């Protein structure tokens, strides 16, 4: 095992560096906020002062309100400049606002209305109803649905018995399901459609207003926003749209009654190109227009008017004006000009004074802050304690002034305002701001990790040859640098942020590695002389334009475009197909695909004489082309298992994606069931057949037991489970109890079997069956050397085909080179026959992977069995293509002991991961996560969160796991298959060649893993780049950020599985070594 | 070394390119409302027809095709028949490949097939003209040492350019720009055509600049 340790530790270190990079970036990019699921009630908003009366029963300032939301109503659209004689299409189109503000200064006001990023409509609706600062990930109870669970205005209105009527953008309907008294949603999806939503609203708006069955009327117009997306603001269509809105506001004002407040607002602005989502001022500054038929403002435009109204401030203002409690999580501050500066006389209609409003507001914000800081620790403690002290001081001051009955000082009001502002700023700093420094550090670490991967894969042999202790220096440096960084933070800031220490560690460990790599390169060149690793030579277009490099580049580039991410499944299939197509074309280009003898003109001596005989070449190329045909067939079929994103308009999700229990037609159900079971059976049969073919089913080890009994049993369990879960609930009433039990027991039994099987494979992986032939030895003693056979089957034909002569001597040499004593001893040795020795490495890996595949299938809908069969077949076809092309290009024939896996194969293998991620019905979006997987075997739900999260992760990243675990097969398969072509006995040693060259073996393993990690890491890096560069893109929260999370999680799962696969191989290696040690004393006796 | 042949090739390519141009412009005169995007199938038909006719004529006049052993009418007829068969098979082959690459199977089969016809006219037909109906020779040509004349090298370059052009032409399809040339199969056929024209220009130029390095074993 000592041999494997450097490989494993290098890989671990590499993965750790990647993880640190991802962690840093995600920490700076994805802002996480906990949702506080408490609601305010009338009881807890006590009027300050003596009277303990119910807050809600007091007469509010307004009874009703009309809220017109004009999506993307930028402040520039709302301003009116009479001196502007040549207005642009979006200027001076809403004169109604200016007219009202100038003619009725006590009734109306226009403010710039600043939204918080992300300026997307859904986040904004959340923002101005909850009064909070929504982030991308609002961790709440309902990850699956989008409904707002936090306390919000709509909920409070409902609590108060106000009838909320809604019309417009159907996003509201999904955010506030069943909260509206009446709701007229219109589809918001089609950005090209400027008029459907607006016209739909206008059909109902005025009739509703005239009627009397509403208290709050919310109308959300989408036309302006869609016009911006489609044409941009500087277009005549925008002028038409704004003019229409002008008319709407006029008509609404005409129909207002005295007790009604009108709010006209934009939820966000837009850039000059009409997009939004980011944080530039053009996107954040919308317009807010307040109007009431009766005077509400105390003074006409006094000097202490706010310049800009933050969007959160609308929430407490509206709540207090309409007499409802402020939503629990609001961090807004009341708009003072709307409240009277002095204490009102009792009973007067007018509601609260400025100070009272501020006080209620401050109390609510303080309560929220206390609750939040007890739940989450992301607000810096020092600012938190400062805020608490401030509130304590202010409340003491307020109470004394109320008790003494004197009019409070204006100073108190401004202090309260300052307190509220600082709370909001603290929260915003915690939740609503990217951390560019962290993002940049994460990017840098990821980039250097990718580079490190590449360097390691190129220098794998040298690295392993020279360093037994090579990792000590990086680890030591990393620890020192990490501790130093921690200490520096402690000194300068007083507390330690773990992320930065980790970053320092990662950077620190990379430096000694690169330094060593640079030094390693020089002797390599001088020693071989043949392969100078010069960068300038690599950068010629001839080297850069080879498909194995172009395809991953295209793949990475495609992650930067939202359209390509949306169409990812097809894009990846296209790329994989192109790269697979390149393999035979490339072989043909090098004259390797067809036997040379076919072309008599060719044997003129220009080419080196062919290494392989023509019949071998013909056989191999036939295999290759047949597998190729199978492969492209599989790829085409795999396209029919895709799910659909909501952005893909005319897409029908695959019928195999829905569980059988949802199907109505029993005939279709039976058909699907039979199909699934057949493909499950084929999977199982193929696995066993493959093992049997290479003679790995003869011994009595744990692995063989697994293949013989546990694998079929697992399949039977799975098939029964499907049958049980597909039965309709009401068809077998008598058996209901039994069915329920089976639903519980069968999957659990399958889990247990899976665990047992995998454990057995792990514990006893050697599948070699030894047959000592003492009787035969007398016959064969005449031979000069003892014979040692690694047969693959019991049948004599198989023996002949896979005869391994003379391997014993080599084995001895590799095990203990000193002890090689010569021929005298050798004559007495019995001939030993070992079945399945040639595939001793690949058999356990194959079985492990197969078992895992069937186990993961358990977590998927039944129809996915077909897709898993395709996955298995594609793996097999790829392995065969790889083996054939390796044989054809003579890589293993020419120089023994060079087990490199070429880039092309690794790239195809790693892209197939994404292909089957989609072909197993997954999509990189949150709504498409298959939550059903969490309830397989646990139909009544869970108590904890770890187990369901694990099950869902296993379900989502099934293809990542399978491809990563089976990655080492790429190394073994050419050896397994190579033996068949080599009739001359020298070549027929199959995987035993790996034991002959242990150095090359571990270096090839390291190279393969690092190449695989490199391709995956490059994909993560480019999706990270996409998120960083396009963080203001319209689609960032819909496309790029989910894609980043899926890619990062996928990398995590992939690298873990890869480590498991590599460890399994090393475990097998160790077991084989032990097996030989046991055998040799036996044999030499 | 092969100045004469390069000149012949350049002029032949000029004629073919001109025919493509004419085939694009001519329908606009005769068919009202013709545009490359709007009446795309018509464009493909006219261009394919023109390229077919002109290449066959040009290569026949130049006498590039390998010399036939027999000159009997029956043999010639069988060659002609085999050529037609190969063209048909190649259309089906390209259709299958395009479908495997992700084109819709049933919905726009006509569009897909017309793209296959175009690709056949641009690649297979040239193979037929240069090498005759001999699949083994076709496969042989596309290897490092397979070219046995300037025309073979030229064939390699044009065919590769055409296919790469069609492949690159598929890239803009998923983008959400809503342009008329993103409609299936406009971008692919345009890509193939642009690739083909590039190949027509690039082949003589490349051969001219590498004429010192090029060695052919025998003709």
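From the backbone N, Cα and C atoms, a Cβ is placed for every residue, glycine too.
Unlike curated records, TrEMBL annotations are generated automatically.
What TrEMBL records for A:7-32 (among others) is transmembrane segment.
Using a Cβ-Cβ cut-off under 8 Å and counting only residues 6 or more beyond its ends in the same chain, the transmembrane segment (A:439-464) has close neighbours at 6-7, 10, 14, 17-18, 20-29, 470, 500, 503, 506-507, 510, 513-514, 517, 520-521, 524, 533, 999-1000, 1002-1004, 1006-1007, 1010-1011, 1013-1014, 1017-1018, 1020-1021, 1024-1025, 1028. According to TrEMBL, the feature transmembrane segment maps to A:439-464 (among others).
The annotation transmembrane segment is assigned in TrEMBL to A:471-491 (among others).
Under the heading transmembrane segment, TrEMBL lists A:571-589 (among others).
Per TrEMBL, the feature transmembrane segment maps to A:622-639 (among others). Residues 569-570, 573, 576-577, 580, 583-584, 587, 593, 867, 870, 873-874, 876-878, 880-881, 884-885, 888, 915-916, 919 of the same chain lie 6 or more positions beyond the ends of the transmembrane segment (A:622-639) yet place their CB under 8 Å from a CB of it.
For the transmembrane segment (A:707-724), the list of distant contacts is 660, 673, 676-677, 680-681, 683-684, 687-688, 691, 696-697, 739, 742-743, 746-747, 749-750, 753-754, 756-757, 760, 847, 850-851, 854-855, 857-858, 862: same-chain residues at least six beyond its ends, Cβ to Cβ under 8 Å. The transmembrane segment annotation in TrEMBL covers A:707-724 (among others).
Residues annotated as transmembrane segment in TrEMBL: A:745-763 (among others).
Per TrEMBL, the feature transmembrane segment maps to A:840-859 (among others).
The feature transmembrane segment is assigned by TrEMBL to A:866-883 (among others). Here the transmembrane segment (A:866-883) has Cβ contacts under 8 Å with residues 580, 583, 623-624, 627-628, 630-631, 634-635, 637-638, 641, 656, 675-676, 679-680, 682-683, 686-687, 850, 853-854, 856-857, 860, 901, 905, 908-909, 912, 916, 919-921, 959, 962-963, 966, 969-970, 973-974, 976-978 of the same chain, all six or more residues outside its ends.
Under the heading transmembrane segment, TrEMBL lists A:957-976 (among others).
Distant neighbours of the transmembrane segment (A:1012-1030): 11, 14-15, 18, 22, 25, 29, 439, 442-443, 446-447, 449-450, 453-454, 457, 552, 555-557, 559-560, 565, 906-907, 909-911, 913-914, 964, 967, 1036, 1040-1041, 1043-1044, 1047-1048, 1050-1051, 1054-1055, 1058; these residues of the same chain sit at least 6 beyond its ends, with a Cβ under 8 Å from one of its Cβ atoms. Marked as transmembrane segment by TrEMBL: A:1012-1030 (among others).
The transmembrane segment annotation in TrEMBL covers A:1050-1068 (among others). Counting same-chain residues at least six beyond the ends of the transmembrane segment (A:1050-1068), those with a Cβ under 8 angstroms from any Cβ of the stretch are 1, 3-4, 7-8, 11-12, 15, 18-19, 22, 761-762, 765-766, 840-841, 844-845, 848, 913, 917, 953, 957, 960-961, 963-968, 1005, 1009, 1012-1013, 1016-1017, 1019-1020.
Note on the transmembrane segment (A:471-491): residues 6, 9-10, 13, 497, 500-513, 516 of its chain, located 6 or more positions outside it, place their CB under 8 angstroms from a CB of the stretch. Non-local neighbours of the transmembrane segment (A:745-763) in the same chain are 702-703, 705-706, 710-711, 713-714, 717-718, 720-721, 724, 844, 847-848, 851-852, 854-855, 858, 936-937, 1064, 1067; each lies 6+ residues outside the stretch with a CB under 8 Å from one of its CB atoms. Distant neighbours of the transmembrane segment (A:571-589): 547-548, 551, 554-555, 558, 564, 621, 624-625, 628, 631-632, 635, 638-639, 878, 881, 885, 888-889, 904, 907-908, 911-912, 914-915, 918; these residues of the same chain sit at least 6 beyond its ends, with a Cβ under 8 Å from one of its Cβ atoms.
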